[in-house]
Structures are given as C-alpha cells and as structure tokens.
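Asks: To start, I am sharing the structure in question, which I have written as structure tokens.
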C-alpha cells in the first residue's frame, strides 16, 4: 500500500519487520503516559494531516482512529520521533479514558514496582 507520508519522514523511521513503529500517547500539559499502540507509514501520515490519533491494529489489520467509536478522542498537538527512529511520541489532549477498558491510561491496572 502506498502512503502519503513525507518521504523525508519515512526515511527516518526504523520499522519492525511488519513495517510498524511504536507510538506512545502522552497527555499535553501533565506528561501523563496514556497508551502505546502501533503505526505504519499511513497511520502516521493520517495522524499528521488530521491531528487525530490514528493507529494500525495488528490483530484486525486495519486502521483505527482513537475515539471514533467510544468518543474518547485524541487531539494531537505534537508528534516527535525518538533518537532511534523506532518510536513516535504523540502529545495529545485526551477526552475521557485512553484505554479500551475505560481507564484513564493503559498503565493503571498492573503496578509491577512502586515506591515503598
């Protein structure tokens, strides 16, 4: 599938063998980490052009826009590429829960280590 992603951006991405990069969503203003999902070039292109968090579902093998069904949308303010080129950071305004469970973040449920 051809993507509309700027070739200069595409050239900087280091993808998995499946052609994906990790995408981390972070709440604007607080820095709270909300979720991690996957993007391919087209999902990143759609995110950059619409300012809506758009991801690629590995299980369904299709694109999804955060909040399209639930109403829990993400308005994207910034997109940053990490130093290795294998992860993008989306700085967003999240409406309601970011997690598909309804929790604010996908990292609320299982604390493996905490301050004692």
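Note: Cβ is positioned from N, Cα and C throughout, glycine not excepted.
Since this is a predicted model, take the numbers as computed values, not measurements.
Per Swiss-Prot, the feature Mg(2+) binding site maps to 82, 84, 86; the stated evidence is sequence analysis. Taken from Swiss-Prot, the feature Zn(2+) binding site applies to 83, 99, 106, supported by sequence analysis.
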Asks: If we count other C-beta atoms within 10 Å, could you say which of the binding-site residues 83, 99, 106 has the fewest?
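Replies: Candidates: the binding-site residues 83, 99, 106. Fewest Cβ atoms within 10 Å: 83.
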Asks: With a radius of 8 angstroms around the mean position of the C-beta atoms of 82, 84, 86, what other residues of the same chain does the Mg(2+) site pick up?
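Replies: What remains near the Cβ centre is 14, 21, 81, 83, 85, 87.
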Asks: What's the CA-CA gap between residue 106 (Zn(2+) binding site) and residue 86 (Mg(2+) binding site) in angstrom, rounded?
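Replies: Pair distance, Cα basis, whole Å: 20 Å.
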Asks: Between residue 86 (Mg(2+) binding site) and residue 99 (Zn(2+) binding site), how far is it from one CA atom to the other, in Å?
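Replies: Cα-Cα, rounded: 22 Å.
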Asks: Could you tally the C-beta atoms, other than its own, that fall within 10 angstroms of the C-beta of residue 86 (Mg(2+) binding site)?
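Replies: Result for residue 86 (Mg(2+) binding site): 14 other Cβ atoms within 10 Å.
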Asks: Would you find the one among the binding-site residues 82, 84 whose Cβ has the most company, meaning other Cβ atoms within 10 Å?
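Replies: Buried the deepest by this measure is 82.
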